[in-house]
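A.B. asks: Could you have a look at this structure, given as C-alpha cells, before my questions?
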C-alpha cells in the first residue's frame, strides 16, 4: 500500500516574486507548468540548469538525502541506488547520504566526490507497512532534529527501489517539493485513489494532483513539519483502525520525469527520465514504506 498524509501548508511562498518566476522563463506548451496556487511544475525544457546551479552554489545550499534499505531491499537495490545517486543527484552541491538499514555492515562502500559523505544508521525491521510508514516518518523527523538541521539546507527522501538515470539537480530544490505520480498524472481526478474514509485523518473528496510518496523533499523545516504531522496522523488513524493516505500542498511540483515507470511505455510529454522505478527483484519481497 502507498502511505499518504494530508498536510495543507499555507505560507507566503505560495506567492512567488517576479525574480523567482523569471528563472522559469522557458516554457512548454504541451504540459501544465504551473499549479493553481502558482507553484512551478518542473519539466525538461523549462529551465536553464546552470542558472539554478550557480544560484545554489552562491547561496551555499547543502542537501541531505535519506533512504531506507531494510531486509532484502538492501541487497537488491541499495548499491544501484547509491551509485546512480552519486552520479546524478545534486551534482556539484554538498550532499550527505543517510542510509537507514537493519544491517549496517552490508551497506556497500561508495567512492564519493568531494563535499559528499555517507552516514549509515541502524533501524529496526517492521513487518506491517503501516508500522514501517509510521516509523519512517518518526526516524526522518528525529535525524533532522539531531543531525541534518545543523548542516543541511534541504532534505530529499527516496524509496530505495529506484535508479537515477539523468540529472536530478538544484532546480528541484524548494521549500516543499512533491512529485506527480507517473500512473496518475494524465488521468481525470475522479480516477484518483484518495482516502475517502471519513474516519481517516487523510480523508478528502478530491484534490489538485495525485502525488507519489516515493520522492518528497524541501527545506529541513518543511520536511520535519510534514514528517511530524504524518507520524501523528498515522498514529491517530492506527488507533481508529483505518489505513492512511499522504498528501500535501507543495511550493514546487516535480513532473513524472523525476520518477518514471518505464513499463508505462512511450509518452510524448516525457522527454527525459531522471529517476526510474527499478526492475522488481522477486527476492526482495519484504514490505517497504511507500511501496509502488
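Note: Cβ is positioned from N, Cα and C throughout, glycine not excepted.
In case it's useful when we look at the structure, here is the feature table from TrEMBL:
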- 68, 69, 70, 73, 159, 160, 161: UDP-N-acetyl-alpha-D-galactosamine binding site (BINDING)
- 159, 161: Mn(2+) binding site (BINDING)
A.B. asks: For residue 161 (UDP-N-acetyl-alpha-D-galactosamine binding site), list the number of other Cβ atoms lying within 10 Å of its Cβ atom.
C.D. replies: 23
A.B. asks: Do you know which of the binding-site residues 69, 160 has the most other C-beta atoms within 10 angstroms of its C-beta?
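C.D. replies: The residue with the most neighbouring Cβ atoms within 10 Å is 69.
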A.B. asks: If the UDP-N-acetyl-alpha-D-galactosamine binders are 68, 69, 70, 73, 159, 160, 161 per the record, what's the largest distance between their Cα atoms, in Å?
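C.D. replies: So the maximum pairwise Cα distance among the UDP-N-acetyl-alpha-D-galactosamine binders is 11 Å.
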